[in-house]
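Novice: Would you mind keeping the following structure in view while I ask a few things?
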Amino acid sequence: MKIIVAVKRVVDFNVKVRVKSDGTGVETANVKMSMNPFDEIAVEEALRLREAGVATEVIAVSIGPAQAQETIRTAIAMGADRGILVRTDNAVEPLAVAKVLSALVAEEQPGLVILGKQAIDDDAGQVGQMLSALVGWPVATFASKLVVADGRAEVTREVDGGLQTVEVKLPAVVTTDLRLNQPRYATLPNIMKAKSKRLDDRPLADLGVDAASRLTVLKTEEPPRRKGGIKVGSVAELVEKLRDEAGVL
Amino acid sequence: MTVLLLAEHDTAAIADATLRALAAARQIGSEVHVLVAGSGAGAVADAAARLDGVARVLLADSENYDQMLAEPVAALLASLADGYDAIVAASTAVGKSVMPRVAALLDVMQVSDVVAVDGPKTFKRPIYAGNAIQTVTSSDATIVATIRTAGFQAAGEGGSAVVEAVSGPEPAALSEFVENFTVTSDRPELTSARVVVSGGRALGSAEAFERLLTPLADALGAAIGASRAAVDAGYAPNTCQVGQTGKIVAPDLYIAAGISGAIQHLAGMKDAKVIVAINSDADAPIFQLADFGLVADIFTALPELTAALEARAR
């Protein structure tokens, strides 16, 4: 079976983002961008399934501007077989991304779609679940273990009180949690080879998806700043401050 | 505006997260209905009916909803959506799995992790690990939202709503529950604890984590949290992780022991009322956020702090 992996180009997780002074968003010009960390985990898991003989082809898909090609090339350098860029310069909300993916699912007929559990820029955590609804498949979110056999996937999920194992019928949508695997690095020879692999570049308009925004961002602001604290010299002083000044003991 | 709130429960009691999400639901609309789905959840429905501000309780009593799997619960919510202006749930593992599926079934966008309600269709939510707060307004006919509960007060009792039985569509057999591995603890729940004591990589071992943090947490009646580094190293279970992708907490007192203060960890605790950092590295970023910082070796400072608190209690 084929596996589609959705990858997103986001501001690198180590960058401390700055809110624009006019309140229209955060500064993304001249900021280091990378593949969303959860998506690296998704790519890794798809590759492992191919290496185990469960999958035959891994297709990396991204939706965004032309630069998102780099993110797809990274996935290919990790080992994905080919890529699809659905190109748009506009911001795309999770619902529209899910619709684009469902159009690609209809074309490619994968047995599994693996996505990260959330993107670290909008922190929405919606696309996988939305896609599952649109295509009428089961969804297993926050996967920390995935076993595929006999047309079913047994997925161990990270839930609030511990772990939960569910079994879903394939085709299915799975979203990855941090502990699913340790993503591999792309080696230099593979990065070079990735440049010659197939990457379809398709304008969003070609997929017939209405990607109009449903949410309007009125403003983006800095979170309230904490006032500077003090350093104490000893445990005794700390206890005293917590009791008398802060009143939390 | 009528709001439908999905209740989370263990068939015995309603989750604290739902009690807090109720406060947000009441700010969105004047009338709040609560959906209790599960088998043998009658007692939960009765408890929901007594909550202050609940106008009606819908009880979907069926084995289909036993473990609140996304497929049947989303189908149930979507089938009840007519007549509601908003459908909300707490941003828990269940809420986060079910609600986007509901939103897509209704062809609307979801507003994730609402931290403030500015109007019936206008909300504040954090982005970029809480480093920016976005105010968004929705043009959709039905609002679907998850509530980040740390900032809302839990609702109390004082209501007397009617309980009404409802049923949803018979689900297609897409998924099956296999088993749960629950980490049992008699400590307060991390997300609702008044005090949280968290450990990081500097603890060095699971044994030290247990030996140093457990007595301190006992002395304070606190929940125990951990940084991602501590969880990855196996010092603490995953359920303890505080941060952007773990649990979001806002206790009265948060003690960060041996935690450097990476952006992703701060995202989960920077709304605590009072933050204490104990770290041997005076330049650790956590000190920029902490109300009270102590530059000290945690291996001596934590037992000393525990002893001081125990002495006070006596």
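Yeah, the Cβs are placed from backbone N, Cα and C, and that goes for glycine too.
Sharing the record's features from TrEMBL:
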- B:3-181: domain 'Electron transfer flavoprotein alpha/beta-subunit N-terminal' (DOMAIN)
- B:Arg201, B:227-228, B:241-245, B:258-265, B:Asn279, B:297-298: FAD binding site (BINDING)
Novice: Cβ atoms within 10 Å, counted per site: which of B:Arg201, B:His265 has the most, among these binding-site residues?
Specialist: B:His265
Novice: Can you name the binding-site residues among B:Arg201, B:Gln244, B:Ile259, B:Ile298 whose Cβ is less than 8 Å from some Cβ in chain A?
Specialist: B:Gln244
Novice: Among B:Gln241, B:Gln244, all listed as binding-site residues, which has the most CB atoms within 10 Å of its CB?
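Specialist: Answer by Cβ density within 10 Å: B:Gln241.
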Novice: Taking every residue in the domain 'Electron transfer flavoprotein alpha/beta-subunit N-terminal' (B:3-181), what is their average pLDDT?
Specialist: 96
Novice: Name the residues of the same chain, 6+ apart in sequence, whose Cβ is under 8 Å from the Cβ of B:Ile259 (FAD binding site)?
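Specialist: Residues satisfying the criterion: B:Ser198, B:Gly199, B:Gly200, B:Arg201, B:Ala202, B:Ser227, B:His265, B:Ala277, B:Asn279, B:Ala284, B:Ile286.
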Novice: Under 8 Å Cβ-Cβ from B:Ala262 (FAD binding site), six or more apart in the same chain: what's there?
Specialist: B:Ser227, B:Arg228, B:Gly243, B:Pro285
Novice: Measuring CB to CB from B:Ile298 (FAD binding site), give everything in the same chain under 8 Å that is also at least six residues away in sequence.
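Specialist: Spatial neighbours, sequence-distant, of B:Ile298 (FAD binding site): B:Ala202, B:Leu203, B:Leu212, B:Ala257, B:Gly258, B:Ile278, B:Asn279, B:Ser280.
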